[in-house]
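Student: Here's a structure for you.
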Amino acid sequence: MSGVTNISQYSRYNARVARSRATSEPAWIRWALIAVSLAFLTLFLFVPLAAVFTEAFRKGYEVYLNALIEPDALSAIKLTLIAAGIALPLNLVFGVSAAWAIAKFEFRGKSVLITLIDLPFAVSPVIAGLIYVLIFGLQGWFGEWMSAHDFKVIFAIPGIVLATIFVTFPFIARELIPLMQAQGKDEEEAGLVLGASGWQVFWKVTLPNIKWGLLYGIILTNARAMGEFGAVSVVSGHIRGLTNTMPLHVEILYNEYNYAAAFAVASLLALLALVTLALKSFIEWQTARQASDNEKLAEE
Amino acid sequence: MATTIRKHRNVLPGFRLSLGYTILYLSLIVLIPLAATFLKTAELSFAEFWAVVTAPRVVASYKLTFGASLLGALINAVFGLLTAWVLVRYTFPGKKIVDALVDLPFALPTAVAGIALTAVYAGNGWIGSLLEPNGIKVAFTPLGVVVALTFIGLPFVVRTVQPVLQDLEAETEEAAASLGANRWQTFRKIILPAVWPALLTGFALAFARAVGEYGSVIFIAGNMPMVSEITPLIIITKLEQYDYTGATAVAVVMLVISFLLLLAINGLQWWSSHRHQASR
């Protein structure tokens, strides 16, 4: 459901096919198609992206900076980092573990398991928040017990972390499963035969093989974790300075008609998105290069 | 017995540990909490449940959510295919940057997308100020919802169609040309059938994503009951009124639809990959 393309698909990416005249279009059609496509992307992508930064600096550099260093903004940034900092390693361990079980072993119900791992992509973020309210909220399963023990999940940080884990749940697993399936298990078995322990094989053989795919999954998880809005919005309670993440802070400022500040905080998130895309392109370029190197080696 | 069954005994360690942990984590984070929605809804009788999920305001929100999602996904199917084609077949300055930016809707937080689209398409915005004198209001109308859902689904079609176009053999097109087909005929009879499963998959992914979308929509929609209120917002509104059972009942309807979409997409992807491999 992520629509995230696997990097393995990019391995043949830069091999451009030289085309003869019979299988290409006249120049005017080519340029017309390019123009229509770029016009579409401009209306829906480039203009909104440019608007974020223009609106952010509309009232000048000082207003921009002040919007970022006021205490509520700083606490929102801190909470966003905390939520992503907890969700990311947990989903990382899960992703590697799920990919190991699914890619290296045969068992019944494997395809069902893969579908279930995809579930969070199919669920509306609002519902992702709702499910934790049903369990940990005051009226929820553990509501009474938790209020008796003065332990809060909903309208508190644990709820925000849980919602973040849910919405980023499949990313790393989805990235690693096809990659590790394609690699098979010959190298690991060779390592074991040569006397290495299971962990040694994992650290020295498997991990170097999957490092780019892993990194790809990590940056996608991180981007989504820091930017999640709907799910976090349900469980947060919007308490300023306490349970506001950056996207929620943007919403509050925007609803108070404080547009310059809202776009200032939004511009940080947009910058994060651009860095994510740049890293993503870099990893795709790396894996494509590696794949073409391997092909050359195989030919020799 | 045991030895004959395990003829090809796997020597790799960690199967029980990794599978056990996977199932445990999946159950705790996803399966048990999702089951809670169905258990909560079971508190209602079927008549009560039906009354909640078919209330006029809720039905109006289904129509908007599914209608706008369908329209957004259709726009993306057409322009996504075009964009994938342009990115694979042609060269133009700045192509690499354009290619990378196609993924922006995946990376940009939805709340940021929401306020940016609203600023651009509002009456005083860059694009809105050009459209409004011509009688087209986008922001704070159902049309705004379509714009936001088109943005959200934009990468799906491009990214599913792109690799298939990339792998298309030049020979079949050359054969078609040498047999006298013009480019349009070659496109309709050779290329379109080859990318069709991927196009449908991308369309379904964009549609499924749009149906559940919340963040980018609520800023631009105006959120008027019966007119521009999406179903996820209905759930939020009911929650804010402490109507937990009502919110959950609507959520169950959306969940069931999402699960069906997920199954359909899995089927499409299976079809797509088999066609893709067979064509190689």
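In case you wondered, yes, glycine gets a Cβ from its N, Cα and C as well.
According to TrEMBL, the transmembrane segment annotation covers A:28-53, A:73-100, A:112-141, A:153-173, A:214-239, A:259-279. The domain 'ABC transmembrane type-1' feature in TrEMBL is assigned to A:77-280.
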Student: What parts of the chain pack near the transmembrane segment (A:259-279), using Cβ distances under 8 Å and only residues at least 6 beyond its ends?
Tutor: 49, 52-53, 55-56, 58-59, 63-64, 66-68, 73, 76-77, 215, 219-220, 222-223, 226-227, 246-247, 249-251, 253
Student: Can you see whether the transmembrane segment (A:153-173) and the transmembrane segment (A:73-100) are touching - at least 3 CB pairs under 8 angstroms, only pairs 6 or more apart in sequence?
Tutor: yes
Student: When only pairs 6 or more apart in sequence are counted, do the transmembrane segment (A:214-239) and the transmembrane segment (A:73-100) reach 3 or more Cβ pairs under 8 Å?
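Tutor: The answer is yes, given that the two segments have at least 3 Cβ pairs within the 8 Å cut-off.
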Student: Quick test of the contact rule: Cβ under 8 Å, at least six residues beyond the ends. What residues does that give for the transmembrane segment (A:112-141)?
Tutor: 1-2, 98, 102, 147, 153-154, 158-159, 162-163, 166-167, 169-170, 173-174, 177, 228-235
Student: Using Cβ atoms and a strict cutoff of less than 8 Å, what residues sit near the transmembrane segment (A:28-53) while being 6 or more residues removed from its termini?
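Tutor: Sequence-remote neighbours of the transmembrane segment (A:28-53) are 263, 266-267, 270.
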